[in-house]
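Read the structure below first, then the notes.
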Amino acid sequence: MVCFVVVRVWLAAHGGFYWDDLRFIARAGAQQWWSPSYLFADQDGHLMPGAFLVAGLSTRAAPLSWVIPATTLVVLAALAAAAVWRMLTILLRAGGREPGWAGPMSLAAFLFTPLAVPASLWWSAALNALPLQAALAWVIGDAVLMAGGTVDRRRLVIRAVLVYLMGLAFFEKSMVIPFAAAAVVVVSAATVGVSVRTALRRTATLWGSLIAVTVVWLGIYWAVAGPGAGEHTAAQTWTLWWRTVERGLIPSLVGGPWRWERWVPSPPFAQPAGWMIAAGWVILAAAVGWLLVRRVHGWTLPVLLVGYLVVSQVPPLWFRSSADTAPELAQTMRYLPDVAVLLAALIAVASAGRSRSVGRGFGRVPRAAVTGLMCCLVVSGLVSTIGFARSWDRNPTADYLSTARTSLADADVPRILDQPLPLEVLLPVAYPDNQAGRVFAALDRRPHIGDWADAPLRVLDTRGHLAPGTVTPARTFGAGQGTCDRPEVTTPTTVALSGPLLRWRWTVEIPYCATIAGRMDVGLTSSRTVSVPVRPGLHVVYVQMDGEGIDLRIHPVTAGLALHLGGGTVGEVAQASLVP
């Protein structure tokens, strides 16, 4: 356990924000952390108020600081490991065994499996997976205790329901917990020689309570989130599921994969060698054969594993599947950490189960061989973990955020225009959470980020430096007929553009000369108007708006305000050095 925590601390120290982490931060910066609209927001078909709550509190306490997220990674991983150790101890004692050597072996299989590696560095993934791991292990443990019949059932039901609610709050996939726990109770009872009917009768109150909570939460889920966008197909879901098994689960049985690929800005994905996949299948076949030969009702364990893989993996993969979904999505192993809990439980059940009456020594595996194999798996798992960490290091987000924080704190202008983050940090598909105004909203030391800014224009470059900006000349407009002494804009005025504009987020560069300080409204033919302050004299202001049209519309709002307009441009904000 100590080695596990040390590894997790090392990983967390080398981690950094990535993708959904920034979306969490953007939403926390734009909304109140306690508001229902924030906590129960639809996150790509996921419902996770608990994860949003942790992200919101972290963002408010230390915006864009990795210290609190790194701490949560380690603490949640330790809690999940403790819950799994408790579950393993209960399962082994249910079969009349003390943890002995089987307990540490089962725990090591959980602690160092690559199945949970993405949750060791990816904050948003950890906020989903680690509470699910802890809740799954805890509820299984409580269910097996109740099946034993020697505990206060009412107290256990209340505790298990509360833990289950905690898991649901962080990840709707936790709805699989009651079914997984019931299956483990049945398999454990069958293999250790306890009446399955008696075990289910003793736990009936627990299942009724958990199912009632599941029905309510499922209703909330469908009302708030539901499946993601896109056309979902059985063929694509099967492809993703098989990739999950063949290139995720199977190599993990031998501590793989050792190789992780990455296409920035996508997360690392498993790319196991062919021999590792083959070795994984051999290990699985040997384990199934041993169960069939050496354990009473041993066939129930692989059946439970396959059933769990279907029930726990198909729904999220179905919701994420579409014609544009790359099969490599399944190889990121984001949805596999809970499978590690079930595998550990099955190892414990197999260790505690009754042996068949077979020939002396037939099918018996020497303890030294098992210990040696487990040591090899731990070493292999560490190799895989280090490989994942190295692939993760190619994430440019941490350097960008660090530089941007410093640049914004040292800005020489009071306002800058909103702009999207670089593509290698966050793609436009995350809009509006990919906008700088949302991601950096919680920072205290920064210029105001909004829909207008005075000259000189500043923009964040791809590395996070604040650099001179300009507007690309998609369209232009000519100067007004007046002068600064005789301004032409005194009433709502339409200024013709050099060509039509499609619906987009446009930035308008407006040189003007104002007679007095005041405000003007600016808009396109079809867009919302933006209220912009103006100052007396000759100045330049940049205004952003979503819309389309063939002209620019300007309205001096302040009484007595008159404007003379110079020739300007309409386009997109860009770094000045990159525009000819």
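Yeah, the Cβs are placed from backbone N, Cα and C, and that goes for glycine too.
Unlike curated entries, TrEMBL annotations are predicted automatically.
The annotation transmembrane segment is assigned in TrEMBL to 66-88, 100-123, 129-149, 177-196, 203-224, 273-292, 299-319, 339-356, 368-389.
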Beyond the flanks of the transmembrane segment (66-88) by 6 or more, those residues with Cβ under 8 Å of it: 1, 4-5, 8-9, 11-13, 15-17, 21, 54, 58, 99, 103, 106-107, 110-111, 119-121, 123, 126-127, 130-131, 133-135, 137-138, 140-141, 144, 341, 344-345, 348, 398
Considering the transmembrane segment (339-356), which listed stretch of 129-149, 203-224, 273-292, 299-319 counts the most C-beta pairs under 8 Å: 299-319
Top partner of the transmembrane segment (299-319) among 100-123, 129-149, 273-292 - counted as Cβ pairs under 8 Å: 273-292
Interface check, the transmembrane segment (203-224) with the transmembrane segment (100-123), three or more C-beta pairs under 8 A: no
Non-local residues, at least 6 beyond the ends, that sit with Cβ under 8 Å of the transmembrane segment (129-149): 50, 73, 76-77, 79-80, 82-84, 86-87, 90-91, 94, 116, 118-119, 156-157, 159-160, 163-164, 166-171, 173-174, 176-178, 180-182, 184-185, 188-189, 194, 198-200, 202-203, 206, 210, 334, 337-338, 340-342, 345
Chain residues outside the transmembrane segment (100-123) and at least six past its termini with a C-beta under 8 angstroms from it: 1, 4, 7-8, 11-12, 14-15, 17-18, 20-21, 24, 55, 69, 72-73, 77, 81, 84-85, 88-89, 92, 129-130, 133, 248-249, 251-252, 255-257, 267-268, 270, 332-334, 336-337, 339-341, 343-344, 347-348, 351-352, 367, 370-371, 374, 377-378, 381-382, 384-385, 388-389, 392
